[in-house]
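Asks: Take a look at what TrEMBL says about it:
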DOMAIN    3-231  domain 'CCR4-Not complex component Not N-terminal'
COILED    34-61  coiled coil
REGION    244-356  region 'Disordered'
COMPBIAS  305-316  compositional bias 'Low complexity'
COMPBIAS  317-327  compositional bias 'Pro residues'
COMPBIAS  341-350  compositional bias 'Basic and acidic residues'
DOMAIN    493-619  domain 'NOT2/NOT3/NOT5 C-terminal'
Amino acid sequence: MSNQRKLQTEIDRVIKKVDEGVELFDDIYEKVYSADTQNQKEKYETELKKEIKKLQRLRDQIKSWISGSEVKDKVQLLEYRRLIETKMEAFKVVEKETKTKTFSKEGLARQEKLDPEEQKKADTVNWIGEVIEQINNKIDETDLEIETLSAGKGKKTNKNQIEECNEHLASHKFHVNKLEGIARLVRNDRISAELVDQVKEDLEYYVESHGEDEFMMAYDEEGFYEELGLDDLDVVNVDRVTQASVSSKKKDDDASSATSGSKKEKRSSKSSTASSMIPLTIGRAKAKKGSIPSNEATPTKIGRANSTASSSSGPAPIAPAPTPKAPAAPAGGGASMAAVLKRESEERQKAALQAQQQEQARQAELLRQQQLKQQQEAQRLQQQQEVLRQQQQQAAQAEALKRQQAQQLLEQQRQQQAVQQDAAAKQKLLQQQATRQQAQAQQQNVLNVGLSGLSLGNAVGSNAPTAISAGPSQLAGGKDATERYLSALNDSFMQIPTGADNERQKSYTPRNPYPCPSCYPSVPSPIFDNPAVFEKLGTDALFFIFYYAQGTHQQYLAAKELKKQSWRYHKKYMTWFQRHEEPTVTTDEYEQGTYIYFDYETGWGQRIKQDFRFEYSFLEDSLSV
């Protein structure tokens, strides 16, 4: 089962390829016949050959399946095989036309064949021939049916059917004679092909529906070719050669009733009076009226028709019709028909040769104009390409200049920011130094005040010797006061204020406030100020803190930790880089090699950059690890 399914899948795949190949073949086939020049036609013929080769390979595969026993239903395969063979026949025609030289006999004949008027005339004549062939087949079938009905005793029992078949046979022969004459008229340009198109539908309906009751009720044999105007043409009237069948019907109808006899008389009179205009001298010039006797004016074909008619139903009278004058009749006497025909054929050949020469000259002029037009088109296209290339170069130069100006402006902004940052750092350092100096001055003032108090106490003691000597109790009290004073002074030195006591107390203010539940932490944990915590964080966390905590102590700690992990910051691209391998080129100004960089703008991930040139001037090295 699996093998069968696999085989069916393979068949479907080949059929799909055949459909695609046939569609492509048809497209190229149309291009071959719509090509303007011979070179284009040969190019399309080459492409058509490639496609037909592919279809032939598919046909070989289909033939192998048809000849094998694996496939049960081979109808579809046979259809596709016939389809490919049809395309092969079409390609043979194209190949033959392509290989035919333009001015060879076949090429010139093909050009004449491709003339629109001649092609239309040839198509009409071919169609008439096909209709005649179909009617002849009906005549054969009717003859066979009559023989079958007349066998044995059937001639009497099937009398009515035989009569009906004879009527059909007479009608068929009538149309065959008419169509043969019309074909000759069309060949000799006595009737236009467009005029014959008016009776095409009626004739096709006659071939398809003759014998049906509905058609036979509305059938009118005499008015069938009225639209062609055969009666107005200058041709010879020849009676239809159906007299034999009419005479045979009369012999068979002797014993019939009066009613049937009257019907047959009407039919026979109708068939005897019906005559067809069969042009026996269509397109052939005749001598002047009266120059040729009436018994010699009828060509050989009239004699043959008369002999046939006489053998079947006796001699039939022939009414000579007036003949047109020859276009180039001799001035004196009667000229022979052969000389007239020869002269007409020579004139037609000369006219055809002149028309052919004119057509060749016209084609050469068209070819020259096409070549000139192609050259002009190529020059115009080349000029357009040159203008477009100049515009592209100007646009590229303008873009490069704009990019360079933008880079210079960005570099100036960065330099200004760096200068401002340096000035702010210097100002902050000066403020800290001033604060420190102020604190030291305050401490010195306090120390000076304490020392002055101490010296003052000593001076008081030296100036009162009499009081000390006056009594030991007073001396002991002064000593205790000095110790208390010194103790208080020591305590004040222990609690001396620092520079931080002068700063305002800082409180945390979120940069992007958002209403959150009150249970969430509202102040950052002080643990994030500890550098040991950043040693435990991953690379993505460090990059997130660096890029989303700008201007904070945490950003500083994250950058410091990244530098410990061999990451280097590029000031121009504001991106962290790390060596993926040892640099291939190393100089005093730059190094070049493969680097890993962190893409924080588009993908938020690590990328590899090959052959990257890292200039040391853009390396941030002010941060110490």
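Glycine is treated like the rest: Cβ placed from N, Cα and C.
Predicted, not measured: the structure shown is a model, and the values here were computed from it.
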Asks: In the compositional bias 'Basic and acidic residues' (341-350), how many residues does DSSP call helix, how many strand, and how many coil?
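Replies: For the compositional bias 'Basic and acidic residues' (341-350), the helix, strand and coil counts are 10 helix, 0 strand, 0 coil.
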Asks: For the domain 'NOT2/NOT3/NOT5 C-terminal' (493-619), what are the DSSP-based totals of helix, strand and coil residues?
Replies: 39 helix, 32 strand, 56 coil
Asks: Kindly state the mean pLDDT of the coiled coil (34-61) in the predicted structure.
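Replies: PLDDT averaged over the stretch: 87.
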